[in-house]
Amino acid sequence: MRPSGRKTDQMRKVSFERSFSKHAEGSCLVRFGDTHVLCTASLEEKVPAWLRNGGKGWITAEYGMLPRATGERMRREAATGKQSGRTQEIQRLIGRSLRAVVDLPALGERQISIDCDVIQADGGTRTASITGAWIALHDCLKWMEARNMVKLEKVLKDHVAAISCGIFANQPVIDLDYLEDSAAETDANFVMTGSGGLVEIQGTAEGKPFSEEEFASLMLLAKNGIAELVEMQKQAIAG
């Protein structure tokens with residue numbers, strides 16, 4: 001039995017609140033249960049120096065957690081003077097995931113900066129960030145299209161979403177919350193496109209190694225869960 005009472009293949013309640021920020025070209029407050037992340041997409045009419053005059057754009061991402069997003073207050077990373085390895089890993093993952101479904105030449109020599117700020121954390125912050133960031137990116141590109149800057153369908157080639165899966169109490173389960181994640185025997189994150197392409201898989205055995213059969217079970221859970229998330233994204237942008 002999962003602590004939340006959910007079935008092994010049951011995700012937490014997921015919601016997307018678009019245009020949460022009035023300033024950003026695209027924004028979305030995404031909720032995976034009690035994990036809440038504000039994702040914004042900001043347009044810059046420039047690219048990094050190493051991309052100048054290359055005829056293509058760039059998507060980059062930053063990730064952070066508010067001090068009281070967790071049970072005990074954390075120091076702001078800005079106050080410590082450096083980002084943790086975890087933060088750097090997650091923001092690179094978000095950027096890679098979004099670039100996988102973007103035609104960078106079609107964007108032109110522009111950069112879209114994605115900011116994912118965790119307001120409240122209860123497990124799965126990186127997967128929620130990727131899934132919500134896609135909505136923010138979509139809405140930023142839609143804003144650009146309304147100003148004849150790009151064609152949305154030419155830049156954004158597909159959906160992308162992510163979900164965590166793991167082995168908890170000897171059972172493969174989907175969308176782990178903090179209690180499950182902290183006690184899981186195996187923890188994995190899956191990033192996939194709407195058409196079923198794999199973008200990234202991160203999997204770690206916390207205790208005993210997991211078998212190929214167990215991995216296949218996690219993969220199936222993730223595939224079905226991400227298909228659900230993509231449908232939710234479609235419904236969100238249609239509204």
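Heads up, the Cβ atoms here are built off N, Cα and C, so glycines get one too.
ARG86 is the residue from ARG76, ARG86, ARG99, ARG147 that Swiss-Prot records in the phosphate site together with GLY124, THR125, ARG126.
Annotated phosphate site ARG86, GLY124, THR125, ARG126; additional same-chain residues within 8 Å of its Cβ mean position, judged by their own Cβ, are TYR63, ILE90, VAL118, ALA121, GLY123, THR127, ALA128, SER129.
By the criterion of other Cβ atoms within 10 Å of the residue's own Cβ, the least surrounded of the binding-site residues ARG86, ARG126 is ARG86. Residues ARG86, GLY124, THR125, ARG126 are the ones the record ties to phosphate, and the longest Cα gap between any two of them is 13 Å.
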